[in-house]
Amino acid sequence: MAPSVLDDLGSELTAVVAPVSICIAITVWLVAVLNPDGQSNSRAMSIATAAYAEDDTDSDWTKFRGSLLNAFIFVAFIGIATFGLVAAVKRGYTRWIFLYMCFSVFSVFFTLNGLICVELLQAFSLPFDWVSLTLLLYNTAVLGAATLFHFPAPLLLKQANLIAVGVGTAFTFTFVPEWTSWTLLVAMALYDIAAVLAPWGPLKELVDLASESGDPIPALVYSARPAGGAAEAAGARSAEAGPLLARPARPAPVPGETELAVQAGRETAPEDASPGPAVESERLLRPRSSTSGQPDGPLPFPISLWTRTDHPGLLRVTATGPESQQRSAPSLHPAASERGSEDGVWLPDGIRLGMGDFIFYSVLVARASMHSALAAGASFLAVVAGLACTLLWLSVAHSALPALPISIALGTLAYFATRTVLEPTLLPLTLHGLYF
């Protein structure tokens with residue numbers, strides 16, 4: 001039985017939710033260990049509290065106005081920085097952007113994650129000398145910056161480094177005061193919509209530039225699986241609160257033709273394959289008997305020619321005929337095709353998620369955990385549900401989409417619903433033995 005679109009959707013969701021869950025879980029754990037009282041510090045993230053430093057004695061209206069001003073300044077700063085990145089890419093300053101991003105990753109590893117390591121050592125009373133700790137942090141920072149931007153490395157190592165960057169940044173954001181935190185999350189979700197979907201959006205321009213030039217844009221993007229060939233170069237990158245990205249789809253075949261990617265092996269076309277009769281392809285593609293393994297039955301469609309593909313070891317067979325107009329040929333190489341169904345639902349081979357999305361998801365759940373475990377659990381489930389909705393939207397939209405809005409909206413709604421409705425209703429019932 002062929003896998004359905006729901007199976008593909010589930011596998012893609014798992015590939016995205018797993019790293020997001022790890023980042024959220026570590027951030028929540030750090031908050032529980034290093035900041036159990038939920039204390040805020042306006043100096044920890046000065047750009048997020050540039051206009052207003054929240055005080056417990058201030059009225060709610062004062063906190064709300066101050067948080068709006070802080071969020072406006074922060075979003076304006078992110079927008080200006082992203083437009084500047086677009087301008088730099090258009091003028092060919094990609095190498096300098098790479099150097100800046102490399103320095104930023106080095107700073108996160110060495111400074112932010114270093115401070116977290118020091119606090120953890122102090123919290124658990126673990127002895128460690130400063131010289132060894134400095135050397136360890138320096139080597140980790142160099143390795144992280146180099147493998148993310150300059151040198152090839154295993155995908156698992158890159159994923160671990162990206163999660164470490166997300167955890168360090170997210171934990172720093174948890175020190176932003178409460179009112180500013182929630183206002184900032186909503187403001188970034190709205191900015192994400194405009195930046196990705198608006199015609200003049202900076203993230204949309206970055207995606208278009210990457211699609212046109214084929215050059216990678218330096219930014220922190222999590223890839224669930226490696227992309228091959230031209231798809232790797234053409235894959236767009238996002239910045240800060242980036243869009244949910246899909247690998248570019250292959251051009252649609254000409255009407256009346258069906259393309260089939262075939263693994264080149266012992267039964268393949270000769271080296272000088274050219275348009276003409278394809279005897280070897282008929283042996284390879286004809287239905288085979290389950291007992292003898294030999295061709296059994298006629299070809300499901302006529303073969304017209306061999307052509308080379310961009311994938312090493314792969315040949316493309318172009319089939320013509322009336323049957324090929326009615327249905328698509330099955331692919332023998334899953335990585336060489338996109339997954340779809342007759343109802344128009346389409347899923348790409350690879351999903352990329354900007355690290356800004358990891359950060360703000362983690363901040364939302366960590367901020368909820370400062371109130372109660374129930375609020376944190378509800379917010380986490382809402383974030384995951386938002387990711388699933390975004391992925392389903394991606395399968396229909398066939399283009400880069402903002403990954404923050406749905407998850408942030410559902411997570412924020414779940415937190416305030418838990419705090420104002422669920423806890424006041426369920427906790428008294430539970431304490432009196434009326435609800436289990």
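Placement of Cβ uses the backbone N, Cα and C atoms for every residue, glycine included.
Features of the protein shown, as given by TrEMBL:
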type     : residues : note
REGION   : 263-302  : region 'Disordered'
REGION   : 315-342  : region 'Disordered'
TRANSMEM : 12-32    : transmembrane segment
TRANSMEM : 68-89    : transmembrane segment
TRANSMEM : 96-124   : transmembrane segment
TRANSMEM : 130-149  : transmembrane segment
TRANSMEM : 156-176  : transmembrane segment
TRANSMEM : 373-394  : transmembrane segment
TRANSMEM : 400-418  : transmembrane segment
Remote residues contacting the transmembrane segment (373-394) - C-beta distance under 8 A, at least 6 residues beyond either end: 9, 12-13, 16-17, 20-21, 24, 28, 244, 246, 347-348, 351, 361, 364-366, 401-403, 406-415, 417-419, 422-423
Region pair the transmembrane segment (12-32) / the transmembrane segment (156-176), three or more CB pairs under 8 Å: yes
Best-contacting stretch, by C-beta pairs under 8 Å, relative to the transmembrane segment (130-149) and drawn from 96-124, 156-176, 400-418: 96-124
